[in-house]
Amino acid sequence: GGAGLAKRLGTLLSGLLECGAFCGIIFGWASLVFVLKDLGYFEGLCQPSATPGPNFTLGSDCSEQDEQFSLVFTIGSFMNNFMTFPMGVVFDRFGTMAARLIAISLYTGGTLLVAFSTPETAVLLFPAMSMLSVGGIFLILTNMQVGNLFGNYRSILITLYNGAFDSSSAVFLIVKLLYEHGLSLRAMFLFLAACSAWHLLRTLFLMPRTHIPYPLPPDYDYGLRCRGRSRSYRTYKDKPPPGEAGPEETPLEPPIPRGAGGIIWSAGVGLTHGEGPEEAGAAPGEDPPGTPFRACACSWLFAWHVAWLSAMQLRHYLFIGTLNPQLEHLARGDHGLVSTYTNAFAFTQLCGVLCAPWNGLILDRHKRGKGPRPEGNWALAALADLRSAVLSLVVTVAQCLLFSVFAAVPVLPVQFGTFVLQVISRSFLYGGNAAFLAIAFPPQHFGKLYGLAMALSALVALLQYPCVALVQGPLHGDPFYVSV
């Protein structure tokens, strides 16, 4: 019905706003560092030079200050990934509402810590950024299930939300620009804290208490409702006969045993060869027992996926963590030039929400067009999904290699191209990661597997700190060899 579709669109658009304005703001760290330096955070770590300039930080050796800011980002980005696993367990076990209440509490606490921090209490940035990053990743984890509401566009919406997550890093650019126009850092972060009331209202009215199933039942409803209203968007008489359901409520494939939307798993082995529910040992119309989480987590498919994610994520974290000192090195300390390039980098992050759906088109391309579709055989349908996912992973690797080549060129104007390639590569990376896990594994384990993949990749991402220390120390602010 129209009311049901309006509610789903409200959930979709409000989720896009939530991901695009709040979830991944820590990755705009380079813009916030500019403000924090101007306010004098960690300024005591600067060593006066022989010829101090008008700006203390430019007339001083502030490599230790840069290292401290880099450590804040390293810990925050590590927590963003590492804590996703316990958060995923909470999401799978207790449902959407419990997960979002925890996320909102963390996010609000983080914004308040930044709002009330001062240069004398700069150490508060450590817990603040960690709470912001964990709260943000928890919010997007609860939002990715919204793709289940829109059948043929499931992967596109998952990647779109991840692209919005990338674009949210531009929020700190807005903070920087407003700060330069006289608005205080405290006022801006108090506003972000007040926005938690909106997150709470969305949790109550536009999100389910538990999970959004896939495929979607035709009478599915969610959120708080007026008393006496049917759980369904339509009454029994309004429901179409079987086979005539609308596109949003018609599953792409017949219900897949051991979890719709996932590759058909036999414990610890991988793909089966197309046995139906009866052959798998279940009575007609019943799903067989689900695949254990351990069988999925210990599979080679998951292991190689984590290796793929870890390597490319480390590359992106290194680039973000060393961007400010790299720009200062290439601009030879020109404060205005560094600000210009920092703004350019932050502006390109806004394009993440535009780039990510391209990956979704690759993932969902076999579900459109006039060619034969494998709907009659759920095993073939799952294999078609997996083939599309493999192509997506290959394209993402090629983009990351090209981005790394540009990043290694020590020419300042070339960095404009690096910024563009970085945002395309990053949006493909995270959108593809989430969509692949949704396609390749049973949905009842999505939160745990997504969290485990991010947690394991976070351990690898810890290598960024010694790399940054190497840049700030022996390499004297030149990240060329680290980039190579």
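Keep in mind that glycine also has a Cβ here, set from the backbone N, Cα and C atoms.
Caution: TrEMBL annotation is automatic and unverified by curators.
Database features (TrEMBL):
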TRANSMEM  12-35  transmembrane segment
TRANSMEM  69-91  transmembrane segment
TRANSMEM  98-116  transmembrane segment
TRANSMEM  122-144  transmembrane segment
TRANSMEM  156-179  transmembrane segment
TRANSMEM  185-205  transmembrane segment
REGION    232-256  region 'Disordered'
TRANSMEM  390-413  transmembrane segment
TRANSMEM  419-442  transmembrane segment
TRANSMEM  449-471  transmembrane segment
- Query: So which of 69-91, 122-144, 156-179, 390-413 has the most C-beta pairs under 8 Å when paired with the transmembrane segment (12-35)?
  - Reply: 156-179
- Closest-packing stretch to the transmembrane segment (419-442), where packing means Cβ pairs under 8 Å, from 98-116, 156-179, 185-205, 449-471: 156-179
- Query: Relative to the transmembrane segment (185-205), which of 69-91, 98-116, 122-144, 390-413, 449-471 accounts for the most Cβ pairs at distances under 8 Å?
  - Reply: 98-116
- Item | Beyond the flanks of the transmembrane segment (449-471) by at least 6 residues, Cβ under 8 Å | 67, 70-71, 74, 77-89, 137, 141, 293, 296-297, 302, 305-306, 309-311, 313-314, 317-318, 321-322, 325-326, 433-434, 437, 441, 477-479, 482
- Message: I need to check the long-range neighbours of the transmembrane segment (122-144): which residues 6 or more away from its ends have a CB within less than 8 Å of a CB in the stretch?
- Response: 15, 18-19, 22-26, 29, 36, 41-42, 71-73, 75-77, 79-81, 83-84, 87-88, 91, 96, 99-100, 102-111, 113-114, 116, 158, 161-162, 165, 168, 199, 207, 434, 438, 447, 450-451, 454
